[in-house]
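Remarks on the structure that follows.
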Amino acid sequence: MQSSESSKTEQAISTSIEVENGTRPQDGSSQNVQQGSHEMSTSIERGRDQQYASQWHRRRKRILDRLPIPVQRYSRKIVAWIKGPQPPRIHRISPFLEKVQGRPFRLLLRFPKSVRVGLVMLLFVVWVVLFGVILSKFSLPADIAGYGPPVKLACTTRPWFGAQSCGLDGRNCLPFSNTSFAFACPADCAGAQVLNPYTIGDQQIMYRPLVIGGTPDPSLDNLPVYRGDSFICSAAIHAGILENSRGGCGVVSLVGTRSSFGSIQRNGITSLAFNSTFPLSYTFPTSPAILSSSAQCRDPRWNLLILSTIISTLISLVSTHPLTFFPPIFTILFFQTALASDPAPTPDLPSLASSALSTFLPATLIMAFLYKTTLHRTLSHLSPLANLEKTLLWLAPAWLAALSNSTLSRIPLQRLTPHDIRQQPGAVVALVLIVLVIAAAAVWQAWCLQLEGRLPGFLALYAAIGIGLGILAAIPGGLELRIHHYILALLLLPGTGLQTRASLVWQGLLVGLFVNGVGRWGFASILQTSRELKGDALMGVGSPMPEIVDVVVSAGGGEAIRFVWAAVENGFDGVSVLVNDVERFRSGVGADVSASPSNGAFDGSSTFPAGNTTLLNSSTSDADRSFTYHRRQEPSSSSDVPTYFRFGFVKTLPFGNVVYSDFTAPGVWWPNGTWGGIPQGRS
């Protein structure tokens with residue numbers, strides 16, 4: 001007994017010494033105490049959670065008990081269906097004709113993983129090198145036949161960019177003549193269109209190429225002459241200077257005022273006619289030196305596209321892991337779109353590269369997040385024996401959407417705004433079909449998510465997204481919700497996180513749509529002002545227009561016409577008058593109402609001599625309420641052509657800014673002196 005007591009005493013002493021020295025006791029008693037306290041706290045928390053859960057179930061039961069019995073029964077069935085089956089059925093793709101399509105990939109799988117990864121990296125490095133070489137080889141030449149380096153144009157660039165933008169007598173669009181410069185156009189400009197109503201004389205066009213004129217001019221060696229507001233690149237294709245599929249370089253010469261522009265169909269483009277005078281026109285000289293120099297210049301997009309599609313296809317076929325597939329494919333898609341297939345309008349290649357890189361980093365971060373949350377569910381655990389299916393079902397749709405400026409351009413739906421949908425022919429039908437396709441895809445994806453037991457989370461996610469979009473749409477202050485196609489891709493991509501063949505197709509399409517939107521336009525805002533969305537479109541019925549109360553044609557040949565209008569609407573300073581689509585008069589605070597006090601108006605040269613076909617003459621007392629136009633009697637004035645008048649309100653803002661209302665429909669003053677009146681409508 002004494003020995004047992006002494007052993008207990010020694011054990012207690014040793015335990016106390018170990019505690020004092022900071023060492024851990026050997027008997028584990030302290031550890032058991034800590035474990036017991038942890039289990040106690042865990043059980044308390046579990047009990048608290050169970051209490052909250054039971055309270056929630058009791059509340060839900062009280063609510064359900066108040067409902068009719070059939071409603072309770074169907075509600076329970078719906079909730080049970082949404083939760084999905086137990087256990088969940090996870091989707092996995094079994095390769096189609098596995099023995100056939102998997103034969104070459106079984107050979108690939110015999111190589112070590114490091115060799116397969118190295119092969120993907122080698123293919124990507126080859127793409128980077130060849131892409132840079134081709135891009136630099138097709139860079140713009142330093143000089144075109146002595147006219148200097150070519151200016152890189154967008155498909156819609158034009159010397160005269162609108163009556164309101166060019167200002168009184170077109171002073172903001174100088175020069176009008178005696179100037180030539182070299183230019184470079186991208187490929188596929190024949191399809192460039194005006195997306196808003198555009199008035200030319202007494203006709204209004206929309207959704208067609210803006211090419212006015214093009215008939216031969218005998219005074220210029222029968223070269224085709226175009227009105228100054230024609231798209232330069234489209235006009236060059238119309239004139240035969242460029243091929244639509246290749247783009248290229250040329251020289252444009254400004255030749256000043258012309259009095260008639262005929263319509264002619266050439267090279268797949270039908271030009272528009274204008275039968276009156278315009279102060280700015282241009283042509284394309286075709287000297288041997290210009291043609292020889294221009295042959296060195298063409299758009300490399302198709303060469304680069306062939307390279308990018310081949311390399312991306314090879315990477316897709318040999319990659320056996322999502323991390324060796326998605327990052328290089330996304331990079332190739334992005335830079336092919338941003339630098340070649342659908343580049344933003346920039347003056348040179350360094351500026352374009354800078355613009356592309358500025359959006360690449362945030363786009364990569366977004367895709368990395370989506371890969372972690374969504375994309376890996378589709379691409380992970382996908383058998384390498386299904387690489388051919390992955391290439392056809394994921395990569396091909398991604399390219400289709402990334403090249404949507406070419407592949408989907410025929411769909412009559414340019415922009416997802418109510419204004420554009422209403423005014424574009426066929427847009428409503430196209431939108432309905434697209435919505436039906438998306439709805440069918442959403443139903444199928446919801447069914448697959450339900451089988452995996454993940455539908456409740458996605459319903460909550462999209463309910464939150466819907467509430468957020470509703471809040472954004474309801475924000476006052478002139479801001480409107482604009483769902484750009486890159487935003488649409490981000491909204492729909494989470495629903496593709498399944499490993500089914502349909503998910504491969506939709507995911508590839510949406511990734512390509514995101515690439516095209518960001519690579520071409522950047523991260524445009526989801527909220528934009530009404531003016532940003534409309535651009536140069538008509539403001540509609542809410543925009544007032546001047547009321548012409550009196551028109552007086554002078555006696556004795558009708559060589560002068562005087563217009564009188566009612567009082568200026570509140571919020572505006574005066575009235576602007578367009579004559580033959582050129583602003584020739586502006587009344588109001590600080591307005592310069594006359595270009596020349598003599599018998600003439602501004603002709604686009606560096607001084608202000610007489611030499612065009614218009615003259616305005618308003619007395620000081622009635623300058624804010626009337627405008628008088630004199631038709632010139634010189635042979636060069638082409639007084640046998642009609643003259644077109646339009647009237648709109650104008651408001652001057654600080655720092656030289658000017659705001660216009662909609663203009664009236666064009667009224668015609670015929671050569672015989674007859675005034676045709678102003679028809680209903682706006683322009």
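Heads up, the Cβ atoms here are built off N, Cα and C, so glycines get one too.
Annotated range for transmembrane segment in TrEMBL, selecting from 302-319, 392-409: 302-319.
In this chain, the transmembrane segment (504-523) lies in contact with the transmembrane segment (352-371); the count of Cβ pairs under 8 Å, excluding pairs fewer than 6 apart in sequence, is at least 3. The stretch in 115-135, 425-447, 459-483 that contributes the largest number of Cβ pairs under 8 Å to the transmembrane segment (302-319) is 115-135.
Beyond the transmembrane segment (115-135), the same-chain residues lying 6 or more positions past its ends with a Cβ under 8 Å from any Cβ of the stretch are 108, 300, 303-304, 307-308, 311-312, 314-315, 318-321, 324, 328, 331-332, 335, 339-340, 349. Each residue in the domain 'LCCL' (149-273) gets a DSSP state, and the totals come to 21 helix, 45 strand, 59 coil. Counting residues 6+ beyond its ends, the transmembrane segment (459-483) has Cβ neighbours under 8 Å at 82, 416-417, 491, 494-495, 524-530, 533 in the same chain.
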